[in-house]
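> Here's the feature list from TrEMBL:
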TRANSMEM  46-65  transmembrane segment
TRANSMEM  77-98  transmembrane segment
TRANSMEM  141-163  transmembrane segment
TRANSMEM  175-198  transmembrane segment
TRANSMEM  210-232  transmembrane segment
TRANSMEM  322-339  transmembrane segment
TRANSMEM  345-367  transmembrane segment
Amino acid sequence: MPLWKQIFIALTLGVVLGVALNQSGYGEYAASIKPIGDLFLNGIRMLIVPLIFVSLVSGVTSLRDMSTMGRLSIKTLSLYLGTTAVAIMIGLALAMIFKPGVGIDLGAAQAVTVAESPSLIATLVALVPANPVAAFAQGNVLQIIVFAILFGLAITLGGEAAKPVKKFMDSLAEVFYKFTGIIIAFAPYGVFALVTWVAGTYGLELLAPLAKVIGVVYLGCLIHAAVVYAGLIKFVAGLSPVRYVQGVIEPAIVAFSSTSSAGTLPVTMMSAERNLGVSRGVSSFVLPLGTTINMDGTALYQGVCALFIAQAYGIDLSLAQYATIVLTATLASIGTAGVPGAGLIMLSLVLTSVGLPLEGVAIIAGIDRILDMARTSLNVVGDCAVAVVVAKSEGQLDQTLYDTAHVLKSTDIPNQLQSSQV
Ligand code: ASP
């Protein structure tokens, strides 16, 4: 059975078991299965830093010339920013139509403190790691990207003398892809444990009052994927959206259950290359960058939540305030780390920018995990869509692989592991 089917079945079983435990009053037992999920997540996190570095160095040295890098960056950043702005507008529009905040009782709201946003200059200066070892130790993705690109360029400039390093990095990249395959083989178990835990812990009584806001965020994510991403894939890249869905299903489900796009990165890179035919040069640059700065799901969620809070407090927003929300939510989503719950912290920035009461954040906090699942999936699916479009436009997409391989192939998972699973 292909891996994505196993993961999908694990997801379904997890929901069924979790809800059953919760409804029969044994919800607290769902938490006892969570360590299995954490084990899987640790396994993925273990790979993030070495995988980004090694595959990006190998990717940069495989690019034909240095101007390719500049073109890639411009295309990628424009697509990332453009899709994010559209996502917020979809969120705002749906919140206007469905009015999830009308009639909500904010009695239980408590005060919250505003997140500090770092200045633009400080952010730019911090892109270059003064101490690369510290960047690796802290898992600072942007700094690792900068270091890896410069390292890769130096290898290319080194010519003949640097060839052995290039060969070594290419070989190491292969090793890490196999390594990723080993961890991904455990995805069904990890997903099952995490989903059982969430479904078992969140009771219907907690979700019911906010069902509308949950529904609007999920609907928004579906619409954004079906209209914006499918549209980009079909009309800009000229590829089949159905194949695209099949190709991204694994990272989408891992993101859904882990609520961390950074934590899903190894799965995302593997799927983009092996399922969607994106070259390593493109995937190793576009995807790590995407997990750090491209958060369409987070932006959409912030749009919905800002309006939800305004409606709950009976505050009418002006056109200028809507424009401010689009701008700040785009910037806030860039600054959001791809870790669980980060979007909630950044929501306070968006609210402050238009003078909305911060107490609303406390209401959202109670159900944030459920919202995080949807927005993280959209974040990851969006990164893949941009990777495919950029790769196609650069002639860096293996069309045969895109059209035929829509599941991780058995060769990606070591044989011993497969047989031990049977
Ligand atoms: N959890 C999200 C992610 O990792 C970020 C967020 O909280 O919005 O992509």
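Residue positions begin at 1 at the first shown residue.
Cβ coordinates come from backbone N, Cα and C, glycine included.
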> Can the transmembrane segment (141-163) be said to touch the transmembrane segment (345-367) if we require at least 3 CB pairs below 8 Å and skip pairs under 6 apart in sequence?
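Checked: the transmembrane segment (141-163) vs the transmembrane segment (345-367), no contact.
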> Kindly say whether the transmembrane segment (345-367) and the transmembrane segment (46-65) touch, using the definition of 3 or more Cβ pairs under 8 Å where each pair is 6 or more positions apart.
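Contact absent: fewer than 3 Cβ pairs fall under 8 Å.
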> Of the listed stretches 46-65, 77-98, 210-232, which one has the most C-beta pairs under 8 A with the transmembrane segment (322-339)?
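So the stretch in question is 77-98.
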> Looking at the stretches 46-65, 175-198, 210-232, which one shares the most CB pairs under 8 Å with the transmembrane segment (77-98)?
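Answer, by Cβ pair count: 210-232.
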> Report, as numbers and ranges, which residues of the same chain sit near the transmembrane segment (175-198): CB under 8 Å and 6 or more residues beyond its ends.
3, 6-7, 9-11, 13-15, 17-18, 21, 30-31, 33-37, 39-41, 43-44, 46-47, 50-51, 54-55, 250, 253-254, 257-258, 266-267, 269-270, 273, 369-370, 373, 408, 412-414, 417-418, 421
